[in-house]
C-alpha cells in the first residue's frame, strides 16, 4: 500500500526524523491556511499523486501552465496561483500512463536552502533476507538511471536484524554519502530512526530522494516515498486509514474485494489467467505479436464460478479493451469451472468484442464442451501461441 508524501513525512516526523513544516491541501480553501501557517519567504507547492517524477512532469490541461508538479513560490500570491493551476488537473510523469493522474491533493511546505542532494532508501533485500540501506551521492535523480550508468556510486549496507543499525553501519553510510561535521552527526541519529520506522510499521520500501544537506550543515528529509506490506496492514489500522482510494483504479479496488490480482495497463487486449507466471507469459506473447495487454489479471488457483465471472466483468469495464484472451492451465483450477464462469459473464455483459479461450489441464474436455455447446461466439485455441495469434488477428479485424 502506498501513501502520499505528506503522510510519509508526518509518519517519519513522529519517529523523530527532520522534515520541513508543511500543510496538506485538499481544496483551495486550505491554501490560505498554509500561507498563514508557513512563514516563507520561500514556499514549495507539491502535487500529491502516487507516482514519481512529479517535478519533471507535465499537466495535460493548458490552464495548468508549462511547469511541472512541484513549483517554487517566492510570494503568497504565487502560492495561490500554483495551487489553483495544479489542483484538479492531470499530471503526466514518467511513472504514469499518458492519461496522467488527477491531482486531488497538494502539499505546501517551507522551502530549504540546499547545499547537497543525496539518495537514501531502505528495503528488504530478498537475496540476504535482511533489511538494507541503499545510498548514493547522486540524490534528486532517477536512481534506476544511476544504477545503470554509474553503479559504483551506489552502496548497499546490510543491517543485522538482531543488532539493528550499529555505529559501524551508520559510519559506512556516512562515508558512502561523504558526510562530515553536523551532517554526519545528524546521520548517526537519522539512520536508526528510519530503520525503526521501517521495521515497526512493516514497510516494504522507504525512499528519501533527496535527503539534503542544508547550507547550515544539517540533514533534512526533503522528499519521502513509503509503501507498506499489504499483508501486515491488519496490525496497523492507523496506516490502513491513510489509504487514498482515489489514487487507485476503480477496477483494481473492485478486484481487491474479490481477492483478485488485477493491475490495469494501457493496452487493448484483456487477459484472464490463473497463475502469475502464466499471466506474465501471456502478456509477453501478446506484445511479441505486436499488441499491448490491457491488464494483468490472475484469478488464482482455487477460484469458483462467481469469482471467474467477476474477473471477466471487471476486465470488460475497461473501455480500451478490444478483445479478451482467457488462458487457463487447470491444476487446482478446473477448466469446467472457468468455462461456466466465462459463459455466465459473457451472457451478463452482452460481450461485443472478440473472445479467445485456451484451456488445458483438469477437466479440459468438459470445459471445451461447455463452451462449444453454449452457442456463444468464442474462438477456441489449442495452445498459448495459437491463442495469442488469434486474439491479435481478431482485434485488428
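A Cβ is built for glycine as well, from the same backbone N, Cα and C atoms used for every other residue.
The structure displayed is predicted, hence computed values, not measured ones.
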Of the candidates 209, 231, 274, 377, which one does Swiss-Prot list alongside 331, 332, 333 as binding substrate?
274
According to Swiss-Prot, 53, 54, 55, 109, 112, 117 bind ATP; which of 46, 62 is also listed for that site?
46
Let me check the 10 A CB neighbour count of residue 46 (ATP binding site). How many other CB atoms are there?
25
Three-state secondary structure of residue 117 (ATP binding site) from DSSP?
strand
At a 10 Å cut-off from the C-beta of residue 112 (ATP binding site), count the other C-beta atoms across all protein chains.
15
Under a three-state reading of DSSP, tell me whether residue 209 (Mg(2+) binding site) is helix, strand or coil.
strand
